[in-house]
Amino acid sequence: MSSLDEGLKQMSQQEYRNEEQNQEGNQEDLNNQNDHNLNNNELDSLSSPPSDNYNEEEFEQEDDIKPDIKIYQNASQNNISQTQRISQTQLPQQQGGGGKRNSSLLQKEHYHQKNQEIIQKLMEKKKKEQEEKEKKELKLKKREDKLRKRMLEEAAKIREQKEVNLESQTEQSDHSNVTKSKKLKFKSVQDIYQLVVIQGKYQREQLTDKQQQELNEFESRLNEEKTTIIKMQQVYRSRQITFLEELKKKQEKKKQEEEQQKLKQEKIQTKLREQYENVNSNLYAETELFKQKKQEITKVSTQKQLVRASSAEGDKEKDDKKDIAKKIQQKNQEYIEKLKEKKRQEIAKEEEEKKKKEQLKEKMKDFVLVNIKKDIENGVFFVDVPEKKPKKEKKKNESKEDNIQITSPKLNSTKSLSSQITRKTNDAKKVEKLPKIKDSNKENHSKERNEDNEEGDDGEYECDEGDEGASDGEDEDDGNGSAIKRKLRKYPFITDLELWKKKQRLPADIKVFIVTGGYHDISKALKKRGWIANPDTKSPCYNFRWSLQTKDIDYENLKDFQIVNHFQKSACITTKVGLCKSLRNLVWHENVDIDTFYPRCFDLNDTEDFENFVEEFKSSKAESILKRYMRMYFEKDPDIEKIKKQAVIAFNVCERKMKELDEIIDDPNSIQLITKKEWNILSADELTEEKLAQKKYEQWLERIEGKNKQKPKKKKKKSKKDKQQGDTEKKEEEEGEAEDEEEDEEDEEEEEKQMDEFTLKVHQILKRYKVKYPQDCLTGEDNVWIIKPAGLSRGRGITCYNNLVEILDHVKSKESQWVIQKYIENPLIIKKRKFDIRVWILVTDWNPLTIWHYTDCYVRFSVDDYDTENLQNKFTHLTNNMVSKLKQRDEKDDITELGSMYFKENFINYLKEKEGYDVFTDKIEPQIVRAIIMSLKSVQDNIENRKNSIEMYGYDFMVDDLYNTWLIEINSSPSMEYSTPVTERLVKAVSEDIVKVVIDYGMEKSKKARKNIETGAFKRIYKGKYVEEKTNVVGLNLICEGVALKKGKKNSNVAKVNNLKPNFS
């Protein structure tokens, strides 16, 4: 080895030994100090005073028993000498045993005093020594870590140098022929190393004692180096494994990027092909038009040439044509006169027929009246079939024709009776048998249908509430296989579906539906499947009904085969109050804490809930003050002393809240969590009633005086949330990758050491809050709560407050039912905006509970940037589409182009770019599915189940900055309007998929066929077990009466039971 290698080696070994010696010395000091310290039991035994029969010789023997305790022994000897002097000088000599007793009492008292002083000193020393121990141990741990790192680095270097030197020395040793067996004299360590290299050629007996010692030392060093090398190998292997894993991940990322690029290129190529085909098709069309124009021009030119050639012959032909025209006019005049005479004769005949009909009316009055009354009682009505007339005649005779439907006939008036009689007599044959239409009349029928469509009757009935008239044109066979389209009529008195179909002359197998409330896509999907719409929206004749509200459905008269889109008593989940109360019953069904997915909510009209809210508001106020205190501490804000008083009381409140139930029950002062004095200090920064009244008065003056004009726009201050996110993004750009978790823990430990006692306690209790309360992340520094009216929707009447006085004033001033919920103060923000997620759910049965989840959800954004300073601005805190419609954003981006909404794909891609993995499918979507199942399980016993009933719900979720999803509310009959491009695409798809699930899948009886039926984007996420319905025992009074059986005698037969007379009622 070279001199440089030896120096490095020796330096590393010496440092390692010195550190080990220091550690051993520190440990020996600690052990010595521990030997000097006394246990509490030993101190109690030593501090006990001597008995009444006390002698100095016995005391000296006790001192000899414990020679190890030097400090206490010296002190005890001094005490003995002092007591002896006192006894010799002060006390007189007394006879008998009385003098000995008095001296022993004095010695006891003096001995007690000295012992107590020594014990206090020893206990103080103990505390100091323990603190020094802990400090030294931490220092030793840090030094050990540093030394290990250095040793590993130096061992790696030594190993590399050794390998090089060994290779060079092995080559030299092969050339040298060492065969002498003389005793060697080693001048340096190199000779020893060479001797070790040449193994087996020297014997130990030939070496001196010093050489053997050096060899042994060197071999021990080699063994140590080998151990270090083995450790280094393990370290390098672990690093190599991690390096290989990182390489694999990078390669997979590259492959994914390449695949994405390929997909993009393929999409671009397909777009280019489509464009190319469109261009070719346009060019082809233009060329054909050009050819047609050429041909027309050539025809015109040839015609002009022919006209010029025959101009001479044309003059003669013109004269002949004039003569022929005169003759034709004469004949036409004669024909017109004949027609006029025929019309006069027809008019005279019609007048005669009218007179005859009037005579018949008078004769048939009594007979017809009786028949009409019977028909009205039976619900049978006759319908006019209008004759086919051209468009002009229809317009003239619209006023003369009677209405198609007879709704309320006036039996008392003679005019109405006469009109009904004429209908009976003239059109009875038409009602019974329709005339067969021949093939020659098909064209006329189609023309008339087109004319009717031009006038306004499109042949399609929009199923909205309040619409009246005929329904869709239905096809009817004319006997020859051709279809005729006609309009359905309304029969309000018919309740039987089969009878209704007979009246409409429809086949018995056809299905009928009613759709109201603007769900046009559902009606289109049903028409594709051959269903027919009933024009009367209030009619009970249907197979399937989809309505906006439950009150449109008559549940008492429903039949088993009729399908309806609402369940009874579903308000327990679709209203804000119902959801708040029903989720508390989830404990009876599942062992789940609702605080993990539903922000805490209270009904302010319930006195118990109101009191709980006030207490919760005050405790969350204390928590927000502590969080503000810690932020100011880390930012080194000089105003932290102003909050110190509030922080101390807030800490006491939080510490009280963290106590367990057993401690609270035993504590007599645990009735109030916060006293009035404490709350006055905590709410020092809030409004009082006087300040609130003054604020309202100023607002009223501004409205009157017109001071609320548009002021010049100021630059918005960044909210605390935006500042924190901006700072974190800058730090990530500057620093690159974050530090390891171990380093973060070390930093936290160092910060905790630097904190004073109070801040350390605050820091620890906030940590405990995070562990115990899952909604700790929702409370920030502002303590914001959101108030919602229980009966309204679409963002109406919703306000945010962070002041208890304002909340109470808001609730008292307006008479309605209010619900208050904890506002999420740490929402996930996308491009400076707040958002929520709308998810559609379909429940097809409650026993067993079957839930269908529509996987294609969408995201709704607020209009303005997120800011907690202005809580009254709806455009920053609400994401409802009805609110965002009222304002347009100045800045345009991909969100505003889609109407302040996002598709699911856009949301997933944004989170992938931000986090590097699919956060939605891995973390957010499973939480959404869990919350849906748990919320519906909580209401399973409250909603009235009915087979062939379904219901669609709209779930609203929010996501916080830790990617925790929170259920906000559940809506019945969610909106299906084409408000934005996002909803237009999704509503069309959802309505088609609803029909697939309810009609195609639900009406199929065979299980094998169901497996092959498509359900679109709907996926069944849960199907529970069937629960047998309990028998209704309520209202029965069961009584059992009789006589008890008695034991017979030994020799008697079986006891008779004739006296037992049961009476059940």
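The backbone N, Cα and C atoms fix where each Cβ goes, glycine too.
The annotation ATP binding site is assigned in Swiss-Prot to GLN821, LYS822, TYR823, ILE824, LYS834, ASP836 on the grounds of similarity to another entry. Annotation source Swiss-Prot lists compositional bias 'Low complexity' at 23-53. The compositional bias 'Acidic residues' annotation in Swiss-Prot covers 54-63, 451-479, 734-754. Per Swiss-Prot, the feature compositional bias 'Basic and acidic residues' maps to 122-146, 313-326, 385-403, 424-450, 722-733. If you look up Swiss-Prot, you'll see 166-179, 404-423 (among others) marked as compositional bias 'Polar residues'. According to Swiss-Prot, the feature compositional bias 'Basic residues' maps to 709-721. The domain 'TTL' feature in Swiss-Prot is assigned to 633-1009. Here Swiss-Prot flags 1-146, 158-182, 301-326, 341-360, 381-482, 708-755 as region 'Disordered'.
DSSP assigns ASP836 (ATP binding site) to a strand in the three-state reduction. Note on TYR823 (ATP binding site): other Cβ atoms within 10 Å of its Cβ, all shown chains, come to 22.
Other than GLN821, LYS822, TYR823, ILE824, LYS834, ASP836, the residues of this chain whose Cβ falls within 8 Å of the Cβ centroid of the ATP site are, in sequence order, PRO599, LEU778, ILE786, GLU825, PRO827, MET958, TRP966, ILE968.
DSSP assigns GLN821 (ATP binding site) to a strand segment in the three-state reduction. The number of other CB atoms found within 10 A of the CB of GLN821 (ATP binding site), across every protein chain shown, is 20. Across the domain 'TTL' (633-1009), the prediction's mean pLDDT works out to 80.
Helix, strand and coil counts from DSSP across the compositional bias 'Basic and acidic residues' (122-146) read 25 helix, 0 strand, 0 coil.
The Cβ of LYS822 (ATP binding site) lies under 8 Å from the Cβ of PRO599, ARG600, CYS601, SER620, GLN775, LEU778, THR779, TRP785, ILE786, each of which sits 6+ residues away along the same chain.
Shown for the region 'Disordered' (341-360): DSSP residue counts in helix, strand and coil, namely 20 helix, 0 strand, 0 coil. Long-range Cβ contacts of ILE824 (ATP binding site) within its own chain (separation 6+, distance under 8 Å): PRO599, LEU778, MET958, ASP960, TRP966.
Long-range Cβ neighbours of ASP836 (ATP binding site) (same chain, at least 6 residues apart, Cβ-Cβ under 8 Å): VAL859, ARG860, THR879, ASP956, PHE957, MET958, ILE968.
Within the set GLN821, LYS822, TYR823, ILE824, LYS834, ASP836 that the record links to ATP, no two Cα atoms are more than 17 Å apart, and one pair reaches that distance.
Within the same chain, residues at least 6 positions away in sequence whose Cβ sits under 8 Å from that of LYS834 (ATP binding site) are PRO827, PHE861, SER862, TYR866, THR876, HIS877, THR879.
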